[in-house]
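Asks: Mind looking over this structure? Questions follow.
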């Protein structure tokens, strides 16, 4: 197995953060990201970049973090008990984008690297990440294109890669208490190291680089779509699912909070405005009901493109 090079991973992640922020500023056309660097008492730190009240994006947060610690947190050792007691180093770029227009989907992406060390033993390391899409008023062609981009970036690494990580994404971004997926999925991978450092790193780079390629065309296509109070109210209601998932199920959120991460950066994924409504049910045969009937259970989206 090739030896992990932490400095090369960090350089890529910092560059990725910059490129994604540049791309989002270009899409917005007005607002700019504000950078906020922070240090963590136990070791490490990061830079959070947040764009607010833009022409296109109500809020977009793109966070880089590189943290170190003397012992692995419970969230990381729950499914890897053999790592308990090891020192660790974790770095990644994580982003969530909440658009103004309900016809533009919310999106999330994350790429990360983790290494755990113990004197007298080989380091244990892995990559993880992915991206997913959460529409409010979905367009089938947008969802198919999103999955086509995900498929195409996976293909050089093997034909089995996209179906495997697409299913993992569907399974991960699922709310059991609602019996629905958070959105229409994408890719999710974790514990990636079996192919060695170089190949694993190359795949993580492909996912990071592929995010804007997949998301930007959807934003361009939908950003001028007219909407009213009804659509806005539905968007705010559905944003509640984002909050529910992130605070109850998301491993990254739990890891950040358990390792003494910076709370503001961890919770910047939260939508700036959100609403809940008791016993809400969409009107039958309405555009809102289409989301529930056609988009919140896993589908083979690429088969619909044939």
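Numbering starts at 1 and runs along the chain as displayed.
In case you wondered, yes, glycine gets a Cβ from its N, Cα and C as well.
Take a look at what Swiss-Prot says about it:
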- 108: active site, proton donor (ACT_SITE)
- 94, 110, 111, 112, 260, 261, 262: substrate binding site (BINDING)
- 98, 108, 147, 177: divalent metal cation binding site (BINDING)
- 242-277: region 'Important for dimerization' (REGION)
- 177: site 'Important for dimerization' (SITE)
Asks: Among the binding-site residues 94, 110, which residue has the largest number of other Cβ atoms within 10 Å of its own Cβ?
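Replies: Neighbour-count leader: 94.
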Asks: Quick check: of the recorded positions listed here (98, 108, 147, 177), which one has the Cα closest to that of residue 261 (substrate binding site)?
Replies: 108
Asks: Of these recorded positions, 98, 108, 177, which scores lowest on Cβ atoms within 10 Å?
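Replies: So among 98, 108, 177, the recorded positions given, the one with the fewest Cβ atoms within 10 Å is 177.
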Asks: Starting from the Cα of residue 94 (substrate binding site), work out which of the recorded positions (108, 147, 177) are within 10 Å.
Replies: 108
Asks: Might you list, by sequence position, any residue in that chain lying six or more from residue 112 (substrate binding site) with a Cβ less than 8 Å away from its Cβ?
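Replies: Sequence-distant Cβ neighbours: 90, 91, 92, 93, 94, 127, 128, 129, 252.
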Asks: Spatially, and counting Cα to Cα, which of the binding-site residues is closest to residue 177 (divalent metal cation binding site)? Options: 110, 111, 260, 262.
Replies: 110
Asks: Identify, in sequence order, the residues in the chain of residue 260 (substrate binding site) that are 6 or more apart from it along the sequence and have a CB within less than 8 Å of its CB; answer 'none' if there are none.
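Replies: Correct list: 40, 41, 42.
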Asks: Within 10 Å of each Cβ, count the other Cβ atoms and name the one among the binding-site residues 147, 262 with the highest count.
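Replies: By the 10 Å Cβ neighbour count, 147 comes out on top.
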Asks: Ranking the binding-site residues 111, 261 by other Cβ atoms within 10 Å, which is at the bottom?
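Replies: So among 111, 261, the binding-site residues given, the one with the fewest Cβ atoms within 10 Å is 261.
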Asks: Rounded to the nearest angstrom, how far is the Cα of residue 98 (divalent metal cation binding site) from the Cα of residue 262 (substrate binding site)?
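Replies: Each residue's Cα considered, residue 262 (substrate binding site) and residue 98 (divalent metal cation binding site) end up 21 Å apart.
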Asks: Taking the Cα atoms as reference points, how far is residue 111 (substrate binding site) from residue 147 (divalent metal cation binding site) in Å?
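Replies: Taking the Cα atoms only, residue 111 (substrate binding site) lies 18 Å from residue 147 (divalent metal cation binding site).
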Asks: Distance check, please: Cα of residue 147 (divalent metal cation binding site) against Cα of the residue listed as 'active site, proton donor', rounded to an integer number of angstrom.
Replies: 14
Asks: Pop the Cα-Cα gap between residue 98 (divalent metal cation binding site) and residue 108 (active site, proton donor) into the table, whole Å please.
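Replies: Here the two Cα atoms are 9 Å apart.
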